[in-house]
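Asks: Take a look at the following structure, please.
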């Protein structure tokens, strides 16, 4: 009998699903929401190895953990929140946002928590996936420790930042003090008065150090190579801004669009080396460092990279240099020789610590690790990727049928929010999944996998473009690329370009098999669409139109108060300059950078 994919998976069909999604983080939730709102498919399961939704935001609990992208853009386009506490959300607030979204869209009934996928194997005869699942929960394991789940389509939503990377340093297992990885934080440990060694100076380290420095007796940061760092300029969002964002929806739209325009403009800064904007940002980074460390000129050269900005992840922080300026915080750039029983030994020094923090990132280029995946003919994903991970637009893999990835190879960004990429991928994959499910409902079969020659041509084009970007700078080694220099993680262009290229599924790019393949092949292409967030008008038009609407609502609500509003001296496509009287302040002209935030600040000044 034909299968009904509109029914939820219940007790009687616990081991069968039309779709299985691995991971309940940003990607997995987005995929599930698209299935709910873009297809009639309800027979799907989300397997989450943790005990909550949120993915990396549920796992990274370290002090100071926060997003590097503004909240208006680092959130789903279809779930814009008007009451973020600050421009850059912290881990706890973003996790709350994720749980709220999961609750609103009814995702919890589809999620199986504490479920670790060990292996996924394609059955050529049955044309289905067989997924081996192990249960982490002690209570669940009383019923069964593991089981096998069959599905017609498998989606990996495990992302790139899910498996911690532990450094290969001799003696790490000999250390007798407290050892914590930044992605596996232990809040039961008391950090007050402790001597702490922090290995690493990347995105997590610069957020951890300022927090630990508040109570630690001494901190030493072990730096392998310097990073480009810019100020975060984080601002709390006040009640009046919340009011405006809540009751003037076009203002939320304007703010997100302007952030999108600014972030896309950053592509020329962070990805294209040698441009005037890139050199200006490098100069700004050095100016910021020197202004924050005026009494430590001996650190200026040590903290200045010799590679193009953007080659490694650009760091943003308002308080890292302030922490580094403290008398009880040191920077050590000598290579670590080994970890001793009591601390860290370099070539000419040994320091004892109560705690060593491993801020050493993730195994980002080892996609799906440690899950064992076997595609058509039993061919392993490890074998398919022996020359490096590659996937068609980061989503589909040769010889791996009815399989899709979210945030897969070459879809990470150095300049914008990855959620914008994930939403485009989720739309694309939901179209493919719908085709497979429709065939199944008609008691037919449909097997989809990318043509090897299409994938090869695509990958060559991507790598050729990447070779011209800052990511390829030989002077730096980053998690964007393998030890051999192959860039496996990053997309070489803008978000808008990616969205346009995946706005339709071109069926000729795929090998279609099964009794339902002919009907799909006849379609040539299926339009997916995209979220259009690049403004079709100038910043000036956006400013004036939304300001008029916001001003009207705001004035009606607060006209009985006395306000001193600064005079706007200049408004243009390149930014704003404003200031007058007691509340005067002037911003640098920056192309669309914080135009919406600037407007909100004008409208949010306190009473005179």
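The backbone N, Cα and C atoms fix where each Cβ goes, glycine too.
Annotation source Swiss-Prot lists N-linked glycosylation site at 4, 114, 325. The transmembrane segment feature in Swiss-Prot is assigned to 17-37, 535-555. Positions annotated as FAD binding site by Swiss-Prot: 56, 57, 58, 59, 68, 69, 74. Per Swiss-Prot, NADP(+) binding site is recorded for 66, 67, 68, 201, 202, 203, 204, 205, 206, 207, 224, 225, and the stated evidence type is similarity to another entry.
Please situate the listed features within the shown structure.
Replies: Classification of residue 4 (N-linked glycosylation site) by DSSP places it in coil, neither helical nor stranded.
Within its own chain, the transmembrane segment (17-37) has Cβ neighbours under 8 Å at 3, 5, 9, 43-48, 50, 52-58, 76, 78, 98, 101-102, 105-107, 110-111, 113, 117, 129, 131, 149-159, 162, 371, 406-407, 418-419, 422-423, 425-427, 429-430, 433, 436-437, 440, counting only residues six or more beyond its boundaries.
A helical conformation is recorded for residue 58 (FAD binding site) in the three-state DSSP classification.
Cβ environment of residue 66 (NADP(+) binding site): 88, 89, 90, 91, 207, 234 lie under 8 Å away, each six or more residues apart in the same chain. Under DSSP, residue 66 (NADP(+) binding site) is assigned to a strand (E or B) in the three-state scheme.
When secondary structure is read from DSSP and collapsed to three states, residue 114 (N-linked glycosylation site) falls in the coil class.
Taking all protein chains in view, 15 other C-beta atoms sit within 10 angstroms of the C-beta of residue 325 (N-linked glycosylation site).
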Asks: Fill in the CA-CA distance, residue 57 (FAD binding site) to residue 325 (N-linked glycosylation site), as an integer in Å.
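Replies: The Cα atom of residue 57 (FAD binding site) is 29 Å away from the Cα atom of residue 325 (N-linked glycosylation site).
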Asks: By a 10 A CB contact count over all chains shown, which of the binding-site residues listed here is most packed: 56, 204?
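Replies: Most Cβ neighbours within 10 Å: 204.
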Asks: How far apart, in angstrom, are the most distant Cα atoms among the NADP(+)-binding residues 66, 67, 68, 201, 202, 203, 204, 205, 206, 207, 224, 225?
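Replies: Spelled out: the longest distance between any two Cα atoms in 66, 67, 68, 201, 202, 203, 204, 205, 206, 207, 224, 225 is 24 Å.
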Asks: Among the recorded positions 4, 59, 114, which residue has its Cβ surrounded by the fewest other Cβ atoms within 10 Å?
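Replies: The recorded positions 4, 59, 114 were compared, and 4 has the fewest Cβ atoms within 10 Å.
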